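Novice: Take a look at the following structure, please.
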């Protein structure tokens, strides 16, 4: 049992590093590299298996992938954001999704406000390159994984 808990916390630490890398990459060039997505996916799946909620988490992840794909077809969101949402969901115990959804909305809103204020202060167009949704997605996904490990 102690070995599983230690492994979960190692995975959480790795996910923190990967999440920060996603934030940096998405902020700099509005791209989320597939290598980061695959690594986050591997860590998330391992967390789901170790936590015993991989099957229910998989159902939620597939639903998000389907809805995300339909949204992507309309041109409203980038493919990297959808892939990131999909892979993080494997590591989040479904009981925490009800908290993660409003957290994502709050972080995204905060990001949009900060980008707007920065644009007004610096005369830089705020949303010309789009909104890097990878930042709130990565922070929310990591928080959901942490909550899932803490409450086991």
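Going from the start of the chain as shown, residues are counted 1 onward.
Every residue gets a Cβ built from N, Cα and C, even glycine.
Sequence annotations record features per position, and here TrEMBL assigns domain 'Prepilin type IV endopeptidase peptidase' to 14-110. According to TrEMBL, the transmembrane segment annotation covers 37-55, 62-90, 96-119, 131-150.
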Novice: Same-chain Cβ contacts of the transmembrane segment (131-150) under 8 Å, 6 or more residues past its ends?
Specialist: 5, 8-9, 11-12, 15-16, 18-20, 22-23, 25-27, 30, 32, 40, 44, 47, 51, 53, 77-78, 80-81, 84-85, 88-89, 91-93, 96-97, 99-100, 103-104, 107-108, 110-112, 115
Novice: For the domain 'Prepilin type IV endopeptidase peptidase' (14-110), DSSP counts of helix, strand and coil?
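Specialist: Its residues fall into 82 helix, 0 strand, 15 coil.
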